[in-house]
Amino acid sequence: MARAKFERTKDHVNIGTIGHVDHGKTTLTAAITMTLAELGGAKARKYEDIDAAPEEKARGITINTAHVEYETDSRHYAHVDCPGHADYVKNMITGAAQMDGAILVVSAADGPMPQTREHILLAKQVGVPKLVVFLNKKDMVDDEELLELVELEVRELLSDYDFPGDDIPIVAGSALKAIEGEKEYKDAILELMKAVDDYIDTPEREVDKPFLMAVEDVFSITGRGTVATGRIERGKVKVGEEISIVGIKDTRKATVTGVEMFQKTLEEGMAGDNVGLLLRGIQKEDIERGMVLAKPGSITPHTEFEGEVYVLKKEEGGRHTPFFANYRPQFYVRTTDVTGTIKSYTADDGSAVEMVMPGDRIKMTVELINPIAIEQGMRFAIREGGRTIGAGVVSKILK
C-alpha cells in the first residue's frame, strides 16, 4: 500500500495529556486514537506502544516522550504523552513539546491530587494557553453527587491558578471502557474531542508573528555593508524594511538591504530560514552574537526576570552539589551565554527556599549582567563551564 501523502488542509494544533500519576493519561491517549481510528482519523495505538516512549534530548536533557497524531473533522493534532512525572516537568519547562493546549486528566474516583496541582501550576508558568478536563474512571463512581463534587473541586483548583475554572469544559468518561468498545464511553471520547476542537484555539503560525532573528555571526562585505546571519525564529523580513537591533548595547535601528540564503538573493526571508541579512548604516562592531534583529517595538531588552527551572540531577550530567542565593552561572539564551546572578529562590507555595538541590524544580529571580531581548515564555538553559546544569522558562519579566 502506498503511503498516503500528508495533506495540510486542516489546522494543526499541538496538545498533550497532563495530570497525576495513574489517573489515566496514557490510557486516554490510547482511547482517543482507537476511537478516532474507527472514523478514519487516526492509527489506533495501544497503551503499551505509547507507554514505551523513546528517549529524546532537548537542551541537553534526556526526556521520554511519546508522540501520537490523529485528526478530527476540523483539525490535525500532534499529541504528547510522558510516562513519568519527571518527564512532564522536563518536557514542559524545556518546551521540547510545545503545547497549544492540554487535556488535564483527573480520576473521578480520587479527585485532584498533588501532581494535578503541580501540572496546572506548570501549565500556567510555561504558558499553556488553555486546558480541557477529562474526568476519568467515571465507571468507578456510583454516586452522581460525588462526580459533581470532584468537578467543583477541579474548577476551584483551576481558578486558584488563574485559569477560567467556571468556563473550562469538563467531560466525564472512562478511557478503559472506551478502549473496550462500550458505546457510551466512546461517545464521551468524541465529546471530549469536540470540546478540544471548540475550546482550544488554533495557534498563530510562527510566520504570522512579528519578525525575530537571533544573531549567530556577523561579518562585513567590502563596499556592501554588514551582514548578520542566523535562523529566523518567527515572522518574515523583506528587503527595504527597518528592523531593530536589540540586546547587550542600546537598541538601534537599521534597514535590511539584502536577504540571502545559500548564496541566493531573496525578496524576503521567513520563519525557519537560515539567512544572511545585509544591513545599512551599521558597523560590524555595532552588532554581535547574542543580539536579536526584530520588528521595531516587538521585543525589549531586560536584565531581571523570574524563571521556572528544572535543575539537572548528577546522573543527568548536572551538578553534584547544591547551590544558594547569589550563585552566578551562565544563562544560555537563544544563541549566547550571559552571566547572571540568582538572587532568590521560591517554592510553589510562595515560601523562600535557601538551598537548591540537583533534581529540584524551583522558581528563581535572576539578574543578568547585560540587557538581553527576553520575553515571557522564552526558554533558556543554565550552564556552568559549558555544561548544562538546568533548564528554565521565563515566567515573568521584572525589569
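Counting begins at 1 with the first residue displayed.
Each residue, glycine too, has its Cβ placed from N, Cα and C.
From the options 136-139, 300-303, 316-319, the stretch Swiss-Prot describes as region 'G4' is 136-139. Swiss-Prot assigns the feature region 'G2' to residues 60-64, out of the candidate ranges 60-64, 155-159, 260-264. Mean model confidence of the domain 'tr-type G' (10-204) amounts to 93 (pLDDT, 0 to 100 scale).
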